[in-house]
Amino acid sequence: MENQNKDGGVAVSGGGHSSTVDVLLRVLAFVLSLTAAIVLGLDKQTKVISDKSIVAKWHYLSAFVYLLVANAVASSYAALSAIISLRGKKGWWVPFIAILDLLTVAVLFSADGAAAAIGLMAYKGNSHVGWTKVCNVFRRFCGQVVAAAVLSVLGTVMFLLIVVLALLKRSK
């Protein structure tokens, strides 16, 4: 079904190409953010060192808790906003969604940075303050954190593309 948009052009299925791209990006953001949260949430490794059982869990470090919560909230928001975007109707919520998109980008980049900083510390240690490397012992744990962080950054980029495309659309 065709209907005319405000520019005088014809939009197909209520939103045309830009609406389809928006929904696709939101679905990708949902999948990536949810997967990042799941991968991190399942991360746990136990090692026996000097007859002691030592456990590494994602929730032992606040930066990883922040990353998981940020991605869980972002994935929920992505699902909800994809449904709203699919409906294709304009309303009071359009600028509200744009603001939430931007806030989501900010929170996710913040969480990504915090997790990257702690992850780097776990990988390299810090000789100046006496912090030793952890990833040489807990390789699988650190690998799973890296996987979750990469998925999170990719999800963040999807949200960033949503914001950029919305700004480009408004500037026309």
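Any Cβ shown, glycine's included, is placed from N, Cα and C.
Feature list (source: TrEMBL):
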type     : residues : note
DOMAIN   : 19-157   : domain 'Casparian strip membrane protein'
TRANSMEM : 23-42    : transmembrane segment
TRANSMEM : 63-86    : transmembrane segment
TRANSMEM : 92-120   : transmembrane segment
TRANSMEM : 141-168  : transmembrane segment
Tertiary contacts of the transmembrane segment (63-86), as residues 6+ beyond its ends and Cβ separation under 8 Å: 15, 19, 22-23, 26-27, 29-30, 33-34, 36-37, 40-41, 43, 93, 97, 100-101, 104, 107-108, 110-112, 114-115, 117-118, 145, 148-149, 152, 155, 159
Tertiary contacts of the transmembrane segment (141-168) (same chain, 6+ residues out, Cβ under 8 Å): 18, 21-22, 25-26, 28-29, 32-33, 35-37, 39-40, 42-45, 56, 58, 64, 67-68, 70-71, 74-75, 78, 98, 101-102, 104-105, 108-109, 111-112, 115-116, 119, 122-123, 134-135
Cβ contacts under 8 Å made by the transmembrane segment (23-42) with residues that lie 6+ beyond its boundaries: 58, 64, 67-68, 71-72, 74-75, 78-79, 81-82, 85-86, 108, 144-145, 147-149, 151-152, 154-155, 158-159, 161-162, 165
Per-state residue totals over the domain 'Casparian strip membrane protein' (19-157) - DSSP helix, strand, coil: 103 helix, 14 strand, 22 coil
